[in-house]
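Features as listed in TrEMBL:
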- 5-71: domain 'HMA' (DOMAIN)
- 81-147: domain 'HMA' (DOMAIN)
- 171-190: transmembrane segment (TRANSMEM)
- 222-244: transmembrane segment (TRANSMEM)
- 265-287: transmembrane segment (TRANSMEM)
- 457-479: transmembrane segment (TRANSMEM)
- 500-523: transmembrane segment (TRANSMEM)
Amino acid sequence: TKTVSKCYVQVTGMTCASCVANIERNLRREDGIHSILVALMAGKAEVRYNPAVIHPSAIAELIRELGFGATVMENCGEGDGILELVVRGMTCASCVHKIESTLMKTNGVLYCSVALATNKAHIKYDPEIIGPRDVIQVVKDLGFTTSLVKKGRSASHLDHKQEIRQWKRSFVVSLVFCIPVMGLMIYMMVMDSQLSDAHAHHNMSSEEMEALHSSMVLEYQLLPGLSVMNFLSFLLCVPVQMFGGWHFYIQAYKAVKHKTANMDVLIVLATTIAFVYSLVVLLVAMAEKAKVNPVTFFDTPPMLFVFISLGRWLEHVAKGKTSEALARLISLQATEATIVTLGPDNVLLSEEQVDVELVQRGDIVKVIPGGKFPVDGRVIEGHSMVDESLITGEAMPVTKKPGNTVIAGSINQNGSLLISATHVGADTTLSQIVKLVEEAQTSKAPIQQFADKLSGYFVPCIVAVSVVTLFAWIIIGFVDFEIVEKYFLGYNKSISAAEVIIRFAFQASITVLCIACPCSLGLA
C-alpha cells in the first residue's frame, strides 16, 4: 500500500472557475499527487500526495509556476469535519461510555464526547474516511435514536433592526429637543450682536446697557438668578440627557468597568459635566439672587447627542443592508438532497432524501429539473442548463455536461443531473461567501480600530488637560485677579473675588471638555 498524506495550500490570485480547473488539471498530471480539490471562495487547495515522491513545499511551488500565489498551510486540522448530534434513549453513564467507546473505535472518528445531561454528542471526524451518515448509523446500531442538531438557517445574529430602532429613537428624541435649544441660542447671539452694536454707537453707560439686557424677553428673570432662557434650556436638556443619552451611559459604564476609555466615555463625561455644572451654577445664582444671569452650557448635550446618535443610526442602517443581502444568500441554500446509490454502469439502485448537512464528500447526488444543487460538485452523468446567477450574476443559463463543476444554490433547469459532491457543509461556495461577509461585518475597519485605540489615550489626555486648565486659572486668579476680571463677564462687586476665580476656572475647564469631547475623531 502506498502511504497517502494530505496537505492544505492557501492559493491567492484565483478569479474564477477556470483558474480552479487549470490548477486541478495541471497538478493531477504530476507524479506523487493522488488528488487535488480547490475551493475558489476559501482560496484553499486540499492535496493528497505520496510523501515519498513529493513534498508540500514542492506542491506549492508547482501552483506558483502556474502564476498563482501559494503557501502551505501549517494547521491541517482545518479539514476535520465536526458533527453535533442529539441522541435520545440514553439512561445512564454506561450508555454514554458505550457510544463513546464504539465511536472512538470506528475508523475515521478523531474525537467524540457525549453529554448525558443535554443528550448531545460532539464528534470530530476525518471526512476522507467517514461521513456524518456513517456516524449516525453507528449510533443507531447501538440502539439509540439520533438526529442532527438543527442549526438555524436564519441570519438573525446579523439582524440590526433592534439597533436601528434604538438609535433612531435616540436621534429623534435628541433632535426634537435640540431644535428649540439651537433656536434659543441663535436668538441670543443675534440679540447680543445687536446690543453690542447699540453699545458701540451710543456710548451707553454699563447701567443702561444692563437695563437693555434685562429688557430682553429671554433674559427676563422668573426668579432671582433664573432667567427664562436658562430655565427653558434646562427643561429641554433633561429629557435628552435621560432618553437620548441612555445608550451612551450604558456603554460608557461598561467601558469604565473594564478600565478602558472609549468615545462613549468622552461623550458621557462632557455632557454630564456640562449639565451638572450648568445646574449647579444656576442653583448658586438663585441662592445668591444674582442680578446677572450665569453662563450655562445647557445647549451642549442635546446638540452632541443629535450628531452622534445620527452617526450611529446611519452606521447600523448601512450594516443592516449588508445583513439583508446575507440573509437572502443564506435562504438560497437547499435544505434537502437526494442521494443515489449507483451499481455497475451507473445503474440507479436506490435513492433517499437526506438533510443537506448529511451529504458527504464523494456522495452521488441527483438533481432534478427545477431543483437546487445542495452542494458543490462535479457532473458525472446527464446534460442540462444551469442558472448560476446567484454567484456569477450571469443571467444566461450555463451548459453543464459530465466533468463540469456545479455550485451549491444554483438552479438546474431542464435536464436531470447526477453529481459527485466535492465540497459539502461549510466548504460550499455559498457558505464561504456567507462566512466572508460575516467576518467583514464583525471586524472593524483598520482606521476605526486606530480611532478606538487613540480615544483610549485621548480621553485621559483631555480630562487631564481640563483639570490642568482648572488649576491654572485658579492659580492665575489668586496671583493676578485683574486678568480674570477682564474676561469674566458681568462681574459685579456683589460676589467675592475667590468665587469669581473659581467660577471662571470651572467655566474654562468645562469649555475644554465640551469642545474636545465630540471631536471630529469621535463623530467620524
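Backbone N, Cα and C define each Cβ position, glycine as well.
The DSSP breakdown of the domain 'HMA' (81-147) into helical (H, G, I), extended (E, B) and coil residues amounts to 23 helix, 24 strand, 20 coil. Remote same-chain partners of the transmembrane segment (222-244), defined as residues 6 or more beyond its termini with a Cβ less than 8 Å from a stretch Cβ, comprise 169-171, 173-174, 177-178, 180-181, 184, 188, 271-272, 275, 278-279, 282, 284-290, 293-294, 296, 298-299, 301-302, 305-306, 309. Sequence-distant contacts of the transmembrane segment (171-190) (same chain, six or more residues past either end, CB-CB distance under 8 Å): 218, 229, 232-233, 236-237, 239-240, 243-244, 298-299, 302-303, 305-306, 309-310, 313.
Across all of the domain 'HMA' (5-71), the predicted model scores a mean pLDDT of 87. Each residue of the domain 'HMA' (5-71) gets a DSSP state, and the totals for helix, strand and coil are 22 helix, 24 strand, 21 coil.
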